[in-house]
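Colleague: Can you keep this structure in mind? I'll have questions shortly.
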Amino acid sequence: MAMLNDTIYALSSGAPPSGVSVIRVSGTLTRDILFQLVGSVPAARTASYRTIRTRYDQPVDSGLVLFFPGPNSFTGEDAAELQIHGSKAVLAALFRELGDIPGVRMAMEGEFSRRAFENGKLDLVEVEGLADLIGAETEMQRRLAVEQSAGGVSAIYDSWAERLTRARALIEAELDFPDEDDVPGSVSDMVWADMARLRHDIALHLEAASAGEIIRDGFKVVIAGAPNAGKSSLMNALAKREVAIVTDIAGTTRDVLHVDLDIDGYLVKLYDTAGLREAEDRVEIEGVRRARVALRDADLVLLLVDMSNPIIPADLEQALPHVTVGTKKDLIETASDRYDLQISTTTGEGLPELRDLIGRVVKERYGGQSLAIPSRQRHKDSLAKCLAALDAAISQGSANLELRTEQLRLAAEYLGRITGRVDVEQLLDVIFSEFCIGK
């Protein structure tokens, strides 16, 4: 990122108007800025009530000013926060003053966090956890983000990297000093036994990645069935608002509709699909095609069957995993045991039980485990490459020790790419672009 030596500023709180706005400043000119705006530098990490003035001594506003000397700040640089009234006019006036100071500019997306990374205050996993915490909408997303941003996952990767480094050091010592008494005997046996245990630990960790992805990106539930089975009515009932158009005309839904739900702290992505049948209308044919794609990608299928006219499309007879839901219970007199659950969107009967069932399915598959798990595809990719390098090192028992040691070096490098301990310059712009300006 260019201009890392500039001093930067940005609004780090919500958009105005608001009761209070927080302006964040970071860089070598922070002290000079405070002298110009409030007349002096407040005591470190102490809130001081000050009047903020222009260079012409005109008051802009009054508020709390805090100074954080580097390296003991979020960014590792001298930094400050100005807590002022959240008026658009007040912010515009303050930004004019800041923008007119040479060497001071508005921050770019994620630049405060980028500087924290560059100055060793955060690693990449912690940065991503912070971004996820800011964007968290469910309780499980919050918990996962806290685990990542607090360094719990990074500590695991660092400990694994240390084991790889020690293994390489012991092997190289044996290669360089084969006759020295202070090199432990049978070092190869010790190293490869530990590497086998490490491989097992990483494999188990990688298996948990699906839980991290579900918590972060959502558990996909697809509502499917024949036309007029009540799919759109169920989506509207679970969303508690009108997401889909509901009519008595078969084939009303032509596209895949989507709504996010919070069920027991998990993000559940609910999809309403076109009724599955042999369609002739070109638009409906495309809708049915998209419905089949959604079914293929689903974590759970709710197979809806109109109990007053039970039809199960052939596409859905073998759909797994699925829950068979009988609909329009208010229109039948005799209950049937062929359904996992029976509901009526008209009366609301069975809807709480359906929400509970979805929650149980998610928790049975992904709950009850540590949240120190991979949460992003790039984590999975690097862990898989690390595992492959370890496999190569362990399995090539007859190979030259130097070649096997090189595989251990590659395994450590892939781990380092997750946290940013090794060169990941090409990743940084992508990662930090996820932040808003003031973070």
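Heads up, the Cβ atoms here are built off N, Cα and C, so glycines get one too.
According to Swiss-Prot, the record shows the following:
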type	residues	note
BINDING	Arg24, Glu81, Lys121, Lys439	(6S)-5-formyl-5,6,7,8-tetrahydrofolate binding site
DOMAIN	218-363	domain 'TrmE-type G'
BINDING	Asn228, Thr247, Ile249, Thr252	K(+) binding site
BINDING	228-233, 247-253, 272-275	GTP binding site
BINDING	Ser232, Thr253	Mg(2+) binding site
Colleague: Given a 10 Å Cβ-Cβ cut-off, pick out the one of the binding-site residues Arg24, Lys121, Lys231 that has the most other Cβ atoms nearby.
Modeller: Lys231
Colleague: Any idea what DSSP makes of Glu81 ((6S)-5-formyl-5,6,7,8-tetrahydrofolate binding site), helix, strand or coil?
Modeller: strand
Colleague: Taking just the CA atoms, what is the gap between Asn228 (K(+) binding site) and Glu81 ((6S)-5-formyl-5,6,7,8-tetrahydrofolate binding site) in Å?
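Modeller: With distance taken Cα to Cα, Glu81 ((6S)-5-formyl-5,6,7,8-tetrahydrofolate binding site) is 57 Å from Asn228 (K(+) binding site).
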Colleague: Rounded to the nearest angstrom, how far is the Cα of Ser232 (Mg(2+) binding site) from the Cα of Ala274 (GTP binding site)?
Modeller: 9
Colleague: Determine the minimum-neighbour residue: among Ser232, Ala274, listed as binding-site residues, which Cβ has the fewest other Cβ atoms within 10 angstroms?
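Modeller: Fewest other Cβ atoms within 10 Å, among the binding-site residues Ser232, Ala274, is found for Ser232.
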Colleague: Between the Cα atoms of Lys121 ((6S)-5-formyl-5,6,7,8-tetrahydrofolate binding site) and Lys231 (GTP binding site), what distance do you get, rounded to the nearest Å?
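Modeller: A Cα-Cα distance of 50 Å.
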Colleague: In this predicted model, what is the average pLDDT of the domain 'TrmE-type G' (218-363)?
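Modeller: Reported value for the domain 'TrmE-type G' (218-363) is a mean pLDDT of 82.
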Colleague: Using the alpha carbons only, what distance in Å do you get between Glu81 ((6S)-5-formyl-5,6,7,8-tetrahydrofolate binding site) and Lys231 (GTP binding site) once rounded?
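Modeller: For Glu81 ((6S)-5-formyl-5,6,7,8-tetrahydrofolate binding site) versus Lys231 (GTP binding site), the Cα atoms are 51 Å apart.
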